[in-house]
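Colleague: Positions annotated as active site by Swiss-Prot, on the basis of sequence analysis: K11, D137. Under the heading ATP binding site, Swiss-Prot lists P95, M96, G97, G98, G99, I100, G101, G102, G103, S104, S105, citing sequence analysis as support.
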Amino acid sequence: MSAMRWPAPAKLNLFLHVNGRRPDGYHELQTLFIFLNHGDWLEFEPLTDTDLLTLSPAIPGVPDEQNLIIRAARLLQARLPSQQGAHIRLEKVLPMGGGIGGGSSDAATTLVALNHLWQAGLSEDELAELGVQLGADVPVFVRGKAAFAEGVGERLQPVELPSAWYLVLKPDCHVATAAVFQDPDLPRDTPKMALHNLLEGEWKNDCELLVKKRHPEVANALGWLLEYAPSRMTGTGACVFAQFEDEVAAREVLAKVPKGWDGFVAKGENISPLFAALQQVSDWGIAKR
């Protein structure tokens, strides 16, 4: 079978509330995920009669045993009745440590694409169960629908959000998720609320104040973006975003971004580009960009 390209889209947390800390150290959260039509691309060339996995280009400083793409492929290999491998090529667009799901999205795309290409036959639920072993955000990418998430992020309720465009800025810093959740200054007492109340209320990110204090670059980006539209941080950062009604308005602000800052404009999607690609493959047997 020839190589096939699959999208690994970005996500935004439109709000992120930390409701408490569990005895096992994980945090109880409430958050709202939406996908963007912008992200990495992964090309898979299936191999038969071998369990060889190769990834190019290698990600500097990330050995295979820590790479989520390789780890996802190996989890799926363990469920196969016969040896299958793959050459994988990564077109990296999303920043690491940005809070827009780069590594989690790559892992989910690997699970979904190789499940199809290897004809593994795992259900969406089974793929999501593999995904949560790699990270709390992986299941939402596997399921491919905008969602309200609770627990540690594993309880997902699909939602339909209004069409919107987003300007995303990536400050010049890397924020480690584990460090944020381990910080004693992180607020952990936001009361849990029903989804309909959350959708009608003011959206916030409980990690934002802490990250702004630890990373002035994030504070600077938010301060600049707030001059043009209500803005928040996504996930544990470092990316920040603002919502606009149309692409033109978002691009007008992007054109004013200070020199040296990275940013992009993307449309919010209730259905992940990965899910759309899977449907296309199922219907026509091909994946197109």
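Residue numbering: from 1, along the chain as shown.
Each Cβ is built from the backbone N, Cα and C atoms, and glycine gets one as well.
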Colleague: What is the interatomic distance between the Cα atoms of K11 (active site) and G103 (ATP binding site), given in whole Å?
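Modeller: Taking the Cα atoms only, K11 (active site) lies 11 Å from G103 (ATP binding site).
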Colleague: Using the centroid of the Cβ atoms of P95, M96, G97, G98, G99, I100, G101, G102, G103, S104, S105 as reference, list every other same-chain residue with Cβ within 8 Å of it (recorded ATP site), in sequence order.
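Modeller: Going along the sequence, the neighbours appear as A10, L94, G235, C239.
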Colleague: Which residues of the same chain, at least 6 positions away in sequence, have a Cβ lying under 8 Å from the Cβ of G103 (ATP binding site)?
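Modeller: Listed in sequence order, they are L68, M96, G135.
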Colleague: Please list residues from the chain of G99 (ATP binding site) whose Cβ is under 8 angstroms from its Cβ, counting only those at least six apart in sequence.
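Modeller: Result: N13, V175, T177, M233, T234, G235, T236, G237, A238, C239.
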Colleague: Rounded to a whole angstrom, what is the C-alpha distance between G101 (ATP binding site) and D137 (active site)?
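Modeller: So the alpha carbons of G101 (ATP binding site) and D137 (active site) sit roughly 7 Å from each other.
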Colleague: Please classify the secondary structure at G97 (ATP binding site) using three-state DSSP.
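Modeller: SS state of G97 (ATP binding site) = coil.
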Colleague: Using D137 (active site) as the reference point, find which of the binding-site residues P95, G97, S105 has the shortest Cα-to-Cα distance to it.
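Modeller: Among P95, G97, S105, S105.
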Colleague: Compile a sequence-ordered list of residues in the same chain as P95 (ATP binding site), six or more apart from it, whose Cβ lies below 8 A from its Cβ; state 'none' when nothing qualifies.
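Modeller: Result: G102, K170, A238, C239, D262.
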Colleague: Within 10 Å of the Cβ of S105 (ATP binding site), how many other Cβ atoms can you find? Include all protein chains, please.
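Modeller: Within a 10 Å radius of the Cβ of S105 (ATP binding site) lie 29 other Cβ atoms.
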Colleague: Which three-state DSSP class does G103 (ATP binding site) fall into?
Modeller: helix
Colleague: Could you tell me which three-state DSSP class D137 (active site) falls into?
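Modeller: Note: D137 (active site) is coil by DSSP, not helix or strand.
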Colleague: With every protein chain in view, what's the tally of Cβ atoms within 10 Å of the Cβ of G101 (ATP binding site), excluding that atom itself?
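Modeller: There are 30 such Cβ atoms around G101 (ATP binding site).
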